[in-house]
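Enquirer: Got a structure for you, written out below as C-alpha cells; questions coming shortly.
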Amino acid sequence: MADWYRLAWPLICGLDPERAHHLAIRALALGLAGHDRAADDPVLACSLWGRRFANPLGLAAGFDKNGEVADALFDLGFGFVEVGTVTPRPQAGNPRPRLFRLTQDRAVINRMGFNNQGMEAMAARFVRARPRGVLGINLGKNKTTEDAAGDYEAGIAKLAPLADYLVINVSSPNTPGLRALQGREPLSLLIARARAALDAACPGLRPPLLLKVAPDLTDEDMADIAEVALGGGLDGLICTNTTIARPKSLVSDHAGETGGLSGLPLRYRARQVIARLYGLTKGALPLIGVGGIGDGAEAYARIRAGASLIQIYSALVYEGPGLVGRIKRDLAQRLRADGFASVAEAVGADHRDPKGASGKLAPRSPL
C-alpha cells in the first residue's frame, strides 16, 4: 500500500463506498492521484490486434464508467484502460446502497446496475479530447430495452470510431436477463448483429470486438461460448465478470448482500475459466484475464493460464494506485526468472509446462 494511501485508509473506510469512489474520480480529475514516471521494463511490452501495449496491465471496466479520467489513469502506469459500462441512454442504476466493501475478505459486492451518463456524453468527451493510451469501451444495454442487440448496435455505431477495442458486456448479474444472452443461440445472433454494426461504423480499420463472460459458467456453457467466439467473428474474450456465488469462506458483514462479488475470493475461479477457454480455443483467441488479481504472482499465473493481457479493479480499493507499479515490477521479475523474453512467450505456458512457474501461486479458493 502506498504510504499516503495507508495513512488515508481509515478515512476511506469511514466513507460510504460509492462516496469514496466519486471522490477518487474527482481526485484523478484534479491530478491528485500521482504519476508513475518509471519506464516500463521492455519485457512487459505487448502487441495485440495491431496495437502496442507498454505493459499488459489494464484497468477493468466499472471504475471510470463515463470516461472522465482516462488520461489520469494512464498516468498511474496502466498499459490500457477500459471505460464503461456505457448504455445508449443515461440511466440511474439500482437503488442505493448498492456497493459494499468486504474488507476482511479483500472483496467487493456491487449491484450498481449500469449507472452511467449514456453514450452521447461519453462520445462528446472523447471527441473533445481523445485519451492518449489504448482505450477500451465496454458496452451494455439499458435495463428497459427489450431488443438487447439494438442497444449494442447503437453503442457500436456511436463509439466504435473512438475506441481501440470494444467489449460486449452480457455477463453483469445486475441487469435482469442479461446473462441469458450468453447462451449459444442468443449469443450467435447478438454477435452477428454486433459485427454487422461494427463493419458499418468502421468500414476501414475497425477496432477489435470482445465479449466479457461470467465466471458462473458450466463446462458446456464455456464450450458453447468458445465455439461461437471462434466462428462468429469475435476478436477476444474477457474472463471474467463478477460472480453470484458466495464461498463459505466469506466472513465480512456484507457477505450476504445481493450483487456481483469481485476481488480475492474470485481469484481461483477466474483463473480456472481462463485456462479452460484457452484450451477450448487452442490459444487462437486472445484472452484478457480479470477477477481477483492483486499481486504480481497472480498476474503471472493468469498469463501462464492463457491471458494475453490482465486487468485489475477491486484490489485498488485496498491497495491504492501504488499497486500498479508493484504488479508490473514483480511480473517483469517473474518473466525473466523463467527465461521469457516477453509476455507473449509466457501466454499459455502452463498448457505446455504446468510445473515450470516461478514463485508460489495463490491457494485454491472454495469458490
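Here the Cβ of each residue, glycine as well, is placed from N, Cα and C on the backbone.
Given the structure is predicted, the values throughout are model-derived calculations rather than measurements.
Quick paste from Swiss-Prot:
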| type | residues | note |
| --- | --- | --- |
| BINDING | Ala61, Gly62, Phe63, Asp64, Lys65, Thr85, Asn138, Asn169, Lys212, Thr240, Gly263, Gly292, Tyr313, Ser314 | FMN binding site |
| BINDING | Lys65, Asn110, Arg111, Met112, Gly113, Phe114, Asn169, Asn174, Asn241, Thr242 | substrate binding site |
| ACT_SITE | Ser172 | active site, nucleophile |
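Each of these features: where is it, how hidden is it, and who are its neighbours?
Expert: DSSP classifies Lys65 (FMN binding site) as coil under the three-state reduction.
When secondary structure is read from DSSP and collapsed to three states, Asn169 (substrate binding site) falls in the strand class. Cβ neighbours of Asn169 (substrate binding site) (same chain, under 8 Å, six or more residues apart in sequence): Ala61, Gly84, Thr85, Asn138, Leu139, Gly140, Leu178, Lys212, Asn241.
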Enquirer: Within 10 angstroms of the C-beta of Arg111 (substrate binding site), what count of other C-beta atoms is obtained when all protein chains are considered?
Expert: 21
Enquirer: Counting other Cβ atoms within 10 Å of each Cβ, which of the binding-site residues Gly113, Gly263 scores lowest?
Expert: Gly113
Enquirer: About how far apart, in whole Å, are the alpha carbons (Cα) of Gly263 (FMN binding site) and Arg111 (substrate binding site)?
Expert: 15
Enquirer: Can you grab the distance from Tyr313 (FMN binding site) over to Ser172 (active site, nucleophile)? Cα atoms, rounded to a whole Å.
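Expert: Each residue's Cα considered, Tyr313 (FMN binding site) and Ser172 (active site, nucleophile) end up 15 Å apart.
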Enquirer: Nearest to Arg111 (substrate binding site) in three-dimensional space, by Cα, is which of the recorded positions Phe63, Lys65, Ser172?
Expert: Ser172
Enquirer: Can you tell which of the binding-site residues (Lys65, Lys212) has the fewest other C-beta atoms within 10 angstroms of its C-beta?
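Expert: Fewest other Cβ atoms within 10 Å, among the binding-site residues Lys65, Lys212, is found for Lys65.
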